[in-house]
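S.K.: Structure in structure tokens, see below.
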Amino acid sequence: MTHDYIVKALAFDGEIRAYAALTTETVQEAQTRHYTWPTASAAMGRTMTATAMMGAMLKGDQKLTVTVDGQGPIGRIIADANAKGEVRAYVDHPQTHFPLNEQGKLDVRRAVGTNGSIMVVKDVGMKDYFSGASPIVSGELGEDFTYYYATSEQTPSSVGLGVLVNPDNTIKAAGGFIIQVMPGAKDETISKLEKAISEMTPVSKLIEQGLTPEGLLNEILGEDHVQILEKMPVQFECNCSHEKFLNAIKGLGEAEIQNMIKEDHGAEAVCHFCGNKYKYTEEELNVLLESLA
């Protein structure tokens, strides 16, 4: 059980909807599993944090997958989450790292690239899917998710994401916020929000200082205005299994399975999301072949 969690809140009498997350241990779990280097850890961690909060907006068994592909050296960042605070992620090239940028920060933009898109696919149940995409406008990811909400979901939002990495590659702090303007919000409220966000300390610094998700929202929106609705735990969770990969092998067809038996005397599958390995004996593959006959 991690100490990570997300809070859902309203502010300014329901004119603003807000989410904030602490994801340090969740991102650490992903870093450990994928051996990511610092710049890759920051890019993956920011994406995981955003995806976890987007998952918190879902209901029941709904889930979503986010693919960030800016055509940069890191390749794709793929994360998925559900409404229960479970999130997982991987990157194509985990050993991606660059010198710090001019601001002295991890150069996430250089790793992610700026010539691609963010794609979001929501599985809302009953074989019903919603998908949206928007171009990457910054590569720093916070601005890119902000732009995604404005263009794909027509929801004016501000997304702040931060990950700090220790010299030994472990995660020092990770978290973020999504603040959304609801239909009918007063201009005065929007102006206050814009001013507060433009003047705030970077989110990773606030988390490093020990600010909780509640504290983050109080810092941005003002303690008097925030009404916390719910607090839910967040953790790295992968739903892969021996059986799921066996089904995937089944989908490869008879010829491919016969080849595995003849040449490899079995099979091994590795989960992209968590790195777990699953081994399949000749005997298991023969049983699988018989079921296809």
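A Cβ is built for glycine as well, from the same backbone N, Cα and C atoms used for every other residue.
Feature table excerpt (Swiss-Prot):
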DISULFID  CYS238-CYS240  disulfide bond
DISULFID  CYS271-CYS274  disulfide bond
S.K.: I need the CA-to-CA distance for CYS274 (disulfide bond) versus CYS240 (disulfide bond), whole Å please.
M.R.: 8
S.K.: Whole-number answer please: how many Å between the C-alpha atoms of CYS271 (disulfide bond) and CYS240 (disulfide bond)?
M.R.: 7
S.K.: What residues, ordered by sequence, lie under 8 A Cβ-to-Cβ from CYS240 (disulfide bond) and sit at least six positions away in the same chain?
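M.R.: When sequence neighbours closer than 6 are ignored, CYS240 (disulfide bond) has CYS271, PHE273, CYS274, ASN276, TYR278 within Cβ distance under 8 Å.
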S.K.: Give the number of CB atoms, excluding that of CYS238 (disulfide bond) itself, located within 10 Å of its CB.
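M.R.: Result for CYS238 (disulfide bond): 20 neighbouring Cβ atoms inside 10 Å.
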